[in-house]
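Some features that TrEMBL has for this protein:
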type	residues	note
BINDING	4, 7, 23, 27	Zn(2+) binding site
Ligand SMILES: [Zn+2]
């Protein structure tokens, strides 16, 4: 037994669990999603909207 890195629930870490070390597919996808969004976060060069200067 171990604990899911995503939600902390106890989880089986053997071949009966296709999502190990996560408890469910959902937790696995959530964790991957966080990893991707963290790694591929590209800083934007565009200025924020609504500064209101120089329009018109
Ligand atoms: Zn989980």
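Yeah, the Cβs are placed from backbone N, Cα and C, and that goes for glycine too.
Of all the binding-site residues listed here (4, 7, 23), it is 7 whose C-beta has the fewest other C-beta atoms within 10 angstroms. In the three-state DSSP classification, residue 27 (Zn(2+) binding site) falls within a helix. Sequence-distant neighbours of residue 27 (Zn(2+) binding site) (same chain, 6+ apart, CB under 8 A from its CB) are 4, 5, 6, 7, 19.
In sequence order, 3, 5, 6, 8, 9, 11, 22, 24, 26 are the same-chain residues whose CB sits within 8 A of the CB centroid of 4, 7, 23, 27, the residues recorded for Zn(2+) being left out.
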